[in-house]
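Feature annotations, reproduced from TrEMBL:
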- 2-158: domain 'FAD/NAD(P)-binding' (DOMAIN)
- 11, 32, 40, 76, 363, 370, 371, 372: FAD binding site (BINDING)
- 147, 148, 149, 150, 191, 192, 203, 370: NADP(+) binding site (BINDING)
């Protein structure tokens, strides 16, 4: 059986891995629109979290299998359509992730100085489409809307001492911009309360222990919460206890700060029960001067609590706004059903509704939530559906499916030259060599044209 996977992030690679492992004759081709593989492992994981990127070693083993092939620089939906892939393969799995951001839907969100978290993370991680972002970091206060891990990642990158970032694979140009940054205060604002934050304890602890930055949490936000979390699941309980402990700690009480000889010069804090209503422009309209917030009260409890506006408003001053309220998947091809309300492909255990032989895995299957391990389990689930359908005779196994042979002539007729995995390994080697010269694990190439020149395309 010839199977094709669209997207080379964790969802795509884990799906391919599971099919290859459990079907001794299956051939899997992975298509990726960028020349380089690994999706959000390369472009989403924070540069100072190298251990999370170790999954790349597993993905590389999969790509090097003689029954697996990688075709980068091929945009499915443009260079080749999904119906064309379905003609060429017995099964097609869409694992192309979430390439857009949820919008705030408020006045002022398109002002200069307002960025989506996705674009900002893409900028410091070398995602080609965000390489020219040039965020304005000349203000003292930044406001991040959202209480998830991505919001904490951004706060940490904005406030990290440069010597910590210099040892990572953060891009050269963003390092230069951060070196000139005036940002010394970051507020992370959420619509709901401390019991509904979406970040995890590891990320919070890192933020609390960030050298040269102190946490500003209002003890009043945490009154009575010890009782409320008594029966909460353990991760939620520990997370809340850490926030309470941090809120009650006296400033300057940390030995680290005493050693540094001065109090922390930078600070960050969490603000709760505030919902953005409008980004307010500066007098010249060139940047935000603040965000008008509706104060909210909570109805219900736990994860299902809803934030209801109280009618009161307040203005939070800032010169930089980052919206971290979630990623969003987009439809890829008119031939594929898409639920634009939920931003997913309608499916059952990864089988696309009403289209036999078409599957989906990862964020485009279940929505943009969870960490790499969540995506792994979800992708194994989809791969299992493919294997069951192959074994149960559900799929048309006619021998006329030529796989890449058929796709190659289509791509050639459209002037598209795919990038192979060994081509990627040349780009990889060049990045690592450039990084070594600068004392970093790698220096990412951010321009696809330069990547293609490097491999002689």
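For all residues, glycine too, the Cβ spot is worked out from N, Cα and C.
Any TrEMBL annotation is an automated prediction that lacks curation.
For the binding-site residues 371, 372, the greatest number of Cβ atoms within 10 Å around a candidate Cβ is found at 372. The record assigns 147, 148, 149, 150, 191, 192, 203, 370 to the NADP(+) site; their largest pairwise CA distance measures 20 Å. Each of the binding-site residues 148, 370 was assessed for Cβ neighbours inside 10 Å, and the highest tally belongs to 148. Taking the C-alpha positions, the distance from residue 371 (FAD binding site) to residue 149 (NADP(+) binding site) comes to 10 Å. In the predicted model, residues of the domain 'FAD/NAD(P)-binding' (2-158) average a pLDDT of 97. Reported as a whole number, the C-alpha separation between residue 40 (FAD binding site) and residue 149 (NADP(+) binding site) equals 14 Å.
Nearest by CA distance to residue 32 (FAD binding site), out of the binding-site residues 147, 149, 192, 203, is 149.
Take the Cα of residue 191 (NADP(+) binding site) and measure to each of the binding-site residues 11, 76, 363, 370, 372: the nearest one is 370. The least crowded of the binding-site residues 32, 203, judged by other CB atoms within 10 A of its own CB, is 203. Nearest to residue 363 (FAD binding site) in space, judged by Cα atoms and limited to the binding-site residues 147, 150, 203, is 150.
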